[in-house]
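Listed in TrEMBL:
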type     : residues : note
DOMAIN   : 60-519   : domain 'Amino acid permease/ SLC12A'
REGION   : 1-21     : region 'Disordered'
TRANSMEM : 63-83    : transmembrane segment
TRANSMEM : 142-163  : transmembrane segment
TRANSMEM : 170-190  : transmembrane segment
TRANSMEM : 196-216  : transmembrane segment
TRANSMEM : 291-309  : transmembrane segment
TRANSMEM : 329-350  : transmembrane segment
TRANSMEM : 389-406  : transmembrane segment
TRANSMEM : 418-441  : transmembrane segment
TRANSMEM : 461-483  : transmembrane segment
TRANSMEM : 495-512  : transmembrane segment
Amino acid sequence: MENEKQQYSLGGDVPEYESKGGVRDARRGSVMLGEAADLYGDIATAEEYGYVSRGLKSRHIQFIALGGTIGTGLFLGIGGAFVRAGPLSVLLGYTFTGVAVFGMMQCLGEMATWLPLPGAIPQYCARYVDPAMGFAVGWNNWYSSAITLCAEISAAAIVIGFWNDTISQAAWISIIIVLVICLNIFAVAIYGEAEFIFASVKIITIVGLLLVALVIDLGGGPSHDRLGFRYWKNPGAMKEYIGVGNTGRFLGLFSTLVNAAFSYGGVEMVAVAAGEAENPRKNIPKAVRRVFWRILFFYVLGSLAIGVTVPSNDPTLKLGGPGAGHSPWVIAIYRAGIPVLPSIINAVILTSASSSANAFLYTGSRYLFALAQNGQAPRVFLKCSKRGVPYYCVGVTASISLLTYMSVSAGSSTVFVWFQNLTTISTLFTWVSICIAYIQFRKALIAQGVDRNTLLFKAPFQPFTAWGALFFWIMIILFNGFAVFTKGNWSIDDFVTAYVGIPIYFAFFLFWKIFKRTSWVKPADADIWTGKAALDNEVWPEQIPRNIFEKIWFWIA
């Protein structure tokens, strides 16, 4: 077991690491060098490679958590679900998926608060479950983030067509790629500031859209036509899909779960950033506790707002249009006869796609960094700049974005759908791995005598929450491509995009399992301590509000 521990800790036993936890780094008064020595095994190695920097402030973390899941899935992708299943099915689908996401994030929040590490998720899987799972989920997450980066850039190419579809999409793709690389390569604080601004714009926009939808629904638009729940009656609240009657309506509802999973993708981003967050023991629980309200406000109310303002049989929603013409929000505004707003919404969707691309380049690079820490990727990926940026990780992840140029020939809309399907399954495997890691982490706490009541963040209703979320994600993975098995709907392309993620994940797992002959980690032997001492020794200054405005701001951020 000791040898296996060294595989993913890059060093000796836990006490050896703990003795080095107090080494401090002059950068911002943190203990990052101590953490690096803790994880790499010695200070010389930490100094040779450098280490990531805790440059993400509280407001960065809170707004990454708030805006991280508001992307093209909510603005663009949700329209296809309405056409296929109807407004009630979409509302229920996003609600059910949101409950499972909340349960998964509670699991992740407890682990990330106990031990906030860069990349986090692969390290938890390697330490608590099996090094082979750490390898599988790490590389799965990396390629998922890299492909999602392509999906968001492809979405941006769709959006720009709203204003100008004569200039080659390759030009816009190049501009966005250069932009997100610049935001990621210099310092993590620059990435944090960019996400803070992007998230602020997205949050203000979605709040504004919800208010506009309420006004339109109540008859406050130029036509003064009070809609109510008219479109739930005609063309109907739940549409038949594949089958007929109750079976068809159920299949329509089930089909929305995959769409919702894509929209929620990236919600785990706040844990990936935990390793570079200031005062993670305070800021991570604060962000995770707000997941429920984020899901309720943005997605549940958002899907309800669309359902009462746009009929699911709207021809524009079915056929799509350039840029924001794909968005049911813009279609609702057009139908209400409100000028100007569509261009504003299109600009925000473009900002949102760029923001998501920026975020997934960051997360992909940190997953690669975590793999290198586990000894499951070349050690060159540990190399960091003086400002704590793993620039080799950023460069390799950014190189995958070149696949986006496929959209120039195949059509950006088609490529966006390909990327959406591919990344949804890899995201689901990530969430499955988080639930399994948490179940084993909880067993490790019990086996090693740690009272969960002493934790700074204790996830409620465990382990039932973890098991429930785990069952939900496995069900979607197995049945997400059910449509291709029905009569007259077989498609090789659809089958591959629905299920190719399964053999990819297990190929990663089996490769490391056989190559390194790893074994399942026993709870009593699980490494829940390495890297913890440096954080335990750190004292973060308490922010005391001086007036009512600062009190409100500190509550928000």
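Every residue gets a Cβ built from N, Cα and C, even glycine.
Automatic, uncurated: that is what TrEMBL annotation is.
Panel annotation: around the transmembrane segment (196-216), residues 59-60, 63-64, 66-68, 70, 74, 227, 298, 301-302, 305-306, 308-309, 329, 332-333, 336, 338, 341, 345, 348, 351-352, 354-355, 358 of the same chain, lying at least six beyond its termini, place a Cβ under 8 Å from a Cβ of the stretch. Note on the transmembrane segment (389-406): residues 52, 142-143, 145-147, 149-150, 153-154, 157, 170, 173, 177, 180-181, 184-188, 357, 361, 364-366, 368-369, 372, 380-383, 415 of its chain, located 6 or more positions outside it, place their CB under 8 angstroms from a CB of the stretch.
Model confidence over the domain 'Amino acid permease/ SLC12A' (60-519) stands at 82, taken as the mean pLDDT rounded to a whole number.
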